[in-house]
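A.B. asks: Sharing a structure, written as structure tokens. Questions coming.
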């Protein structure tokens, strides 16, 4: 009797089973990207009304990779299950109590493959969920950007991080329950002293989380505000559920725990109506009192006549070691159309002109010669 080639057995499997194994894998590799794109577009229809102003490219780019991974997993799993061997090979055995009776359970390679597949499938599903959250946050961020209120710009990233963290915790417990067959409720209620230790270890994280809620409720600042906290100055870039990201004037990114943002001395520079400018300069002691008085009066008049400046004044503040110390003070409105740096520069140049026009000189600090 002639045996069909595909029915011949090699290493525990027929050639037909090997052909199915290779065929399913090839089909998965060839079509996974096309199928994942189609599924992404179908899923986007669920969000079309919510994201009317966002095209589907962003959604597809976020979902394409995790859905392709999900499809590839299923194709590999179906392909491997076409083979009888080595899935039927016993790997190890263990004893388990069932109704107070010790039962020996044999674990073969197929069982391990099933567990690995289940583990990866759960990961891929939660990966897809996290990407959907990213898309929802992207849409909300776009909607927040077109409103005048900056508080919603700050709230969206925070809610995104918080939601993703909760989803990750749920995914972790799902893995424990379905893959490792651990009773999650028993695990949580049975933590006991270990739970207290975990709570103590998480104390700082909890304080930072409470700090983030305080920031959103009290609103001491919003994204885009320039603040100074404990001597650190910068622009608020992002408020997370654990920390706040600040960009300093020299473009350095600084991460400050939310607890420090609340407990520390915080100054919101953006919310000041005016910026106070104060500085000192020295006139040479060769300047007589009448000339010094005239210079001070002219500087005061300069500041009072400038429409970009308020409450300007100049005073003879002190007698320094090498100069007459003149103090200049004025306020610049935060809503000024001209940058503060340009106003300061213009005032400084005019002060130089006043000093030189009155025949006076700026004091030069005398440096003793090196011996």
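Heads up, the Cβ atoms here are built off N, Cα and C, so glycines get one too.
Small disclaimer: the values here were computed from a predicted structure and weren't measured.
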A.B. asks: Of the ranges 116-140, 191-215, which one does TrEMBL list as transmembrane segment?
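C.D. replies: Among 116-140, 191-215, the range TrEMBL annotates as transmembrane segment is 116-140.
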A.B. asks: If you count Cβ pairs under 8 Å, which stretch among 20-47, 59-79, 161-178 touches the transmembrane segment (116-140) the most?
C.D. replies: 59-79
A.B. asks: Grab the pLDDT values for the domain 'Mechanosensitive ion channel MscS C-terminal' (279-362) and give me their mean, rounded.
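C.D. replies: PLDDT averaged over the stretch: 91.
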